[in-house]
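Swiss-Prot annotations:
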type	residues	note
TOPO_DOM	1-11	topological domain 'Cytoplasmic'
TRANSMEM	12-29	transmembrane segment
TOPO_DOM	30-48	topological domain 'Extracellular'
CARBOHYD	N42	N-linked glycosylation site
TRANSMEM	49-67	transmembrane segment
INTRAMEM	71-84	intramembrane segment
TOPO_DOM	85-92	topological domain 'Cytoplasmic'
TRANSMEM	93-111	transmembrane segment
TOPO_DOM	112-135	topological domain 'Extracellular'
TRANSMEM	136-155	transmembrane segment
TOPO_DOM	156-165	topological domain 'Cytoplasmic'
TRANSMEM	166-183	transmembrane segment
TOPO_DOM	184-188	topological domain 'Extracellular'
INTRAMEM	189-201	intramembrane segment
TOPO_DOM	202-208	topological domain 'Extracellular'
TRANSMEM	209-226	transmembrane segment
TOPO_DOM	227-271	topological domain 'Cytoplasmic'
MOD_RES	Y255	phosphotyrosine
Amino acid sequence: MASEFKKKLFWRAVVAEFLAMILFVFISIGSALGFNYPVRNNQTAGAAQDNVKVSLAFGLSIATLAQSVGHISGAHLNPAVTLGLLLSCQISILRAVMYIIAQCVGAIVATAILSGITSSLPDNSLGRNELAPGVNSGQGLGIEIIGTLQLVLCVLATTDRRRRDLGGSGPLAIGLSVALGHLLAIDYTGCGINPARSFGSSVITHNFKDHWIFWVGPFIGGALAVLIYDFILAPRSSDLTDRVKVWTSGQVEEYELDGDDINSRVEMKPK
């Protein structure tokens with residue numbers, strides 16, 4: 001773990017997460033706040049169109065930034081994704097901690113910038129997540145769990161290096177998963193599925209009402225996604241003890257599929 005801490009590539013990855021998170025939050029939440037501006041009285045027809053625009057903004061920004069910095073940091077841009085990859089034994093504990101810190105600080109910085117730019121907006125929530133009227137904490141938690149589960153499941157499947165059937169754009173697939181989560185959750189919770197993004201808005205607005213939902217829900221969803229993918233859908237035959245070593249060493253071994261039958265159980269072995 002100490003050796004990873006000393007590597008320039010490690011710190012470049014942390015900086016990439018920080019900068020990409022600033023761009024992600026600024027673009028995504030900025031698109032949502034734009035609906036409050038009476039620019040030439042240009043208002044959309046209804047809430048449904050608003051939801052589609054915001055969902056696409058969040059999804060496309062993730063896809064764009066994943067393509068931009070994915071080769072540097074992996075472009076997690078979400079503590080729930082980072083936790084999922086940690087539990088999947090693909091990153092070290094040190095990297096996970098530093099990524100989550102970078103993501104949270106980046107979200108705060110981006111939201112602070114937005115606060116200055118949109119200071120004239122009345123009742124400016126800065127995209128703060130909150131439960132919709134009639135939605136209780138249990139329901140909101142369930143929505144956040146499901147929305148994050150499908151996202152982290154998509155990340156695990158799309159980045160699985162054992163697969164030989166992958167085609168198209170991985171970043172786009174993940175971005176569409178983010179958009180899908182927003183189409184589901186916006187009307188219930190404002191759609192968190194990203195604790196750092198929720199944290200930034202709560203910090204700047206000094207409002208932490210029901211904020212725990214937007215950490216606990218995504219973390220449970222991310223953990224469930226790992227359980228489902230790594231132990232049920234695509235089990236790994238490599239020794240769990242060896243995989244857990246990644247938590248301290250930060251080294252991920254390359255694996256290949258064992259067997260040509262696409263319907264057979266996925267097996268892994270070091271190259």
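Every residue gets a Cβ built from N, Cα and C, even glycine.
A contact between the transmembrane segment (166-183) and the transmembrane segment (93-111) is absent, since fewer than 3 of their C-beta pairs, 6 or more residues apart, lie under 8 Å. Comparison of 12-29, 49-67, 93-111, 136-155 by number of C-beta pairs under 8 angstroms to the transmembrane segment (209-226) places 136-155 first. DSSP states for the topological domain 'Extracellular' (184-188), grouped as helix (H, G, I), strand (E, B) and coil, give 5 helix, 0 strand, 0 coil. Outside the transmembrane segment (136-155), and at least 6 residues removed from its termini, the chain residues within Cβ reach (under 8 Å) are 78, 80-81, 84-85, 173-174, 177-178, 180-182, 184-185, 188-189, 191-193, 210, 213-214, 216-218, 220-222, 224-226, 228-229.
Here the transmembrane segment (93-111) has long-range neighbours at 1, 4-5, 10, 13-15, 17-26, 29, 73, 76-79, 82-83, 85-86, 126-127, 195-197, 199-201, 203-204, 247-248, 250, meaning same-chain residues at least 6 beyond its ends whose C-beta is under 8 angstroms from one of its own.
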